[in-house]
Structure formats: structure tokens, C-alpha cells
Amino acid sequence: MEGLLHFLLAKIILVALASSFVYCYDPSPLQDYCVATNETNGVYVNGKFCKDPKCVTTNDFYTSGLNVPGNTSIGPGSKITVVDVERMPGLNTLGVDIARYDFAPGGLDPPHTHPRGSQIFLVMKGKLFVGFVSSNEYNYTLFTKVLYPGDVFVFPKGLIHFHANFGKTNAVVISAAGSQEPGRIIIGDAVFGSKPLIDPKVLAKAFALDLNKVKYLQAVFS
């Protein structure tokens, strides 16, 4: 009987640990805050040293500038202005970030993923076409929506998604993510512009493309 109880107890502990590993992400800090600092002593959390709590000020939790439009004249016609730990040191360990997205008419943010956090959009201006693709477990289903000012849309963590301005005027979005550093993997850059490049024969077979087309894409993205 005692052996059975030990077995059941061990099983419960394993299940609890497994659950912790599954659901633990950007875990809650064990202190009120850990304001990032460039100093190289003290507590080290999330890749940053923590500022001495006695030296923390209101400005560590403040920034401005998201009212300033980003330059959309280069690249794909979009610009992301991110408020990260470098810009607001008080964000460190809090598990959130915020950004402004500007889109010129016809501009887009190409298909990409955020491996460490879900993302939510609030459209402030313009007309935006957005969407994401589910995983293979849900048959790679495409979900799309045309958004207008005041509309909100959420992109689940890790799924490929995109945003495109199909309107005739500029579009502006305020975005938030469930991680202080959600990460960003642009699909085209990762597949065809990796360093070093993936063997073109692998990509040609994987995407059923002519070898010369793969080499052309690698030249474009790299």
C-alpha cells in the first residue's frame, strides 16, 4: 500500500511539473520590477542587469514618441516603431511590449511569426487587410479580416501572419504583444536568406521549384 502511495505521489508531482513547463512563459517575476540597466553588477534577469531599486525613477516606466509617424518610404512600405526594454527599461520582466505600425497605401508587413508571444492589433487609422494561418493540426486554415479604425484583431503566438494596407490612405496600428521580446521571423528572409544559405537543392525539392528559381530567390533575400 505504501509503495502504491509513493507511486501515485510521484505521478502527481510529474504531472504538476509537466503542467508548469507547458504553461510557464515569460513567468511572473519574484519582485515588483527589474528595471534594466547597462551596469554590469547586481541581479541579472532576462538578459539584463536590474537597476538598484533605490535608484528607480518614474521615467524608467515612461517613454513617448508613438505619435510620430514612421518612415514608410523604404522597404515594403511599412515601418514598425517598437517600445522595447532599450527604450523603456521598466518593461524588463513585465512580459509585454507595445509598438506603432505605419503603412503607406499598398504597404505591407510580410508573412512572419512571433515565436515568443501572441500579438493584438488596434487600428487607429486607415483600412488594413490582416490574416494568419493555423498549424497543420488545424489543416493550415487561413483566417482573414479587413479592419477599420477601432477594430481589434489578435494573432496567436507562433502562427504565420501578415498585415497589408489595401486602402488609398495611410494606415496606423497600435500593437501589443504578450512578451517583452516576442521575436520576429520573416518567412522569406529565414527560408531564402539564412546565413549561411540553405542548400538550394533542399529548397527546390521542398517547394517544388526549379533550382535556378531558388538561387534567384536566395540572391534577392540575401
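Backbone N, Cα and C define each Cβ position, glycine as well.
Checking Cys24, Cys34 against TrEMBL, the residue bonded to Cys50 by a disulphide is Cys34.
A count of other CB atoms within 10 A of each Cβ picks out His161 as the most crowded of the binding-site residues His112, His161. Taking the Cα atom of each, Cys34 (disulfide bond) and His112 (Mn(2+) binding site) are about 30 angstrom apart. The Mn(2+) site, placed at the center of the C-beta atoms of His112, His114, His161, has further neighbours from the same chain whose C-beta lies within 8 angstroms: Pro111, Thr113, Gln119, Phe132, Phe155, Leu159, Ile160, Phe162, Arg184, Ile185. A gap of 32 Å separates the Cα atoms of His112 (Mn(2+) binding site) and Cys50 (disulfide bond).
As a whole-number mean, the pLDDT of the domain 'Cupin type-1' (64-215) in this prediction is 97.
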